[in-house]
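Chemist: Handing you this structure, nothing more for now.
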Amino acid sequence: MLRWARAWRVPRGVLGASSPRRLAVPVTFCSSRSSGQENADLRPLPLSYNLLDGDATLPAIVFLHGLFGSKTNFNSLAKAMVQRTGRRVLTVDARNHGDSPHSPDASYEAMSQDLQGLLPQLGLVPCVLVGHSMGGKTAMLLALQRPDVVERLVVVDISPVGTTPGSHIGAFIAAMKAVEIPEKVPHSQARKLADKQLSSVVKEAGIRQFLLTNLVEVGGRFSWRLNLDTLAQHLDKIMTFPQQREPYSGPTLFLLGGNSTYVQPSHHSEIRRLFPQAQIQTVPNAGHWVHSDKPQDFMDAVTSFLA
């Protein structure tokens, strides 16, 4: 039986602003990796990734994380998937996340273009795309734009229908921006200080620990590796989905959380229009983070779909 680390869950409540602390400096966010102007020819960025080896005769599995996430969210799952399927597995940091470059362009078109640059470079075309939430939208768009790149598609608890951003998402960013940490303190102490400040508004320890995975030390000062300014500015864009006319005719699985409300029955018609071969499957007792709430059920569903 595989052992899985429990991941975080986003609370439904709205976060407030946190209070500044004396004798400390604001935690900045790394901006030295900026790529230039928004929509500058949609040139792909050199994404950070981790590739696990496997059978090169089979299409690789590519995991795309959600908002505020990183490739490390799938570490355990990726290793288990290699063992179970024998395939190569790629995990990727989206632009403005993890160790990938920052850019003022947070559009799905840009994120799709990044993958169109990376996947052929690694010899992973065609591949199986598995995207959660924001990563699911990127995966859908790439499949619609470049069906030759995507052998089959798994979309986790998101749909091609735009939604209004929850106020808690903007509050996550505001809470992180408000954190202040003294210079040149040990990383363990910095995490404790940040956790304490976030705790006044982020009540669930799981979500705090998830956000704190983005806290890094640069030159003796602590920074958020997320591009918080761009993400805050483009939340509306991130919550929408680009209008598309031509469908993706490849095999597609929409894997939904039984306790999640992200994908409504009213979305199914648009799912069927754009993905006519779509299977829609629900994992009971799972929330939005299906792969962390019910990892074994998630693995079973994906591997069955690949069979």
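Placement of Cβ uses the backbone N, Cα and C atoms for every residue, glycine included.
Sharing the features that Swiss-Prot gives for it:
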type	residues	note
ACT_SITE	SER133	active site, charge relay system
ACT_SITE	ASP229	active site, charge relay system
ACT_SITE	HIS288	active site, charge relay system
MOD_RES	LYS79	N6-succinyllysine
MOD_RES	LYS196	N6-succinyllysine
TRANSIT	1-34	transit peptide
Chemist: Could you measure between LYS196 (N6-succinyllysine) and SER133 (active site, charge relay system) for me? Cα positions, answer in whole angstrom.
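Modeler: SER133 (active site, charge relay system) has its Cα 28 Å from the Cα of LYS196 (N6-succinyllysine).
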Chemist: Out of LYS79, SER133, HIS288, the recorded positions in the record, which is closest to ASP229 (active site, charge relay system) when you go by Cα distance?
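Modeler: When the Cα distances are compared, SER133 comes out closest.
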Chemist: Among LYS79, LYS196, HIS288, all listed as recorded positions, which has the most CB atoms within 10 Å of its CB?
Modeler: HIS288
Chemist: According to DSSP, does LYS79 (N6-succinyllysine) fall in a helix, a strand, or coil?
Modeler: helix
Chemist: Excluding near sequence neighbours, so keeping only residues 6 or more apart in the same chain, what lies with its CB under 8 A of SER133 (active site, charge relay system)?
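Modeler: In sequence order, GLY66, LEU67, VAL156, ASP157, ILE158, TYR262, HIS288 meet the Cβ cut-off.
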Chemist: DSSP on HIS288 (active site, charge relay system), three-state: which is it?
Modeler: coil
Chemist: Take the Cβ of ASP229 (active site, charge relay system) and count every other Cβ within 10 Å, whichever protein chain it belongs to.
Modeler: 15
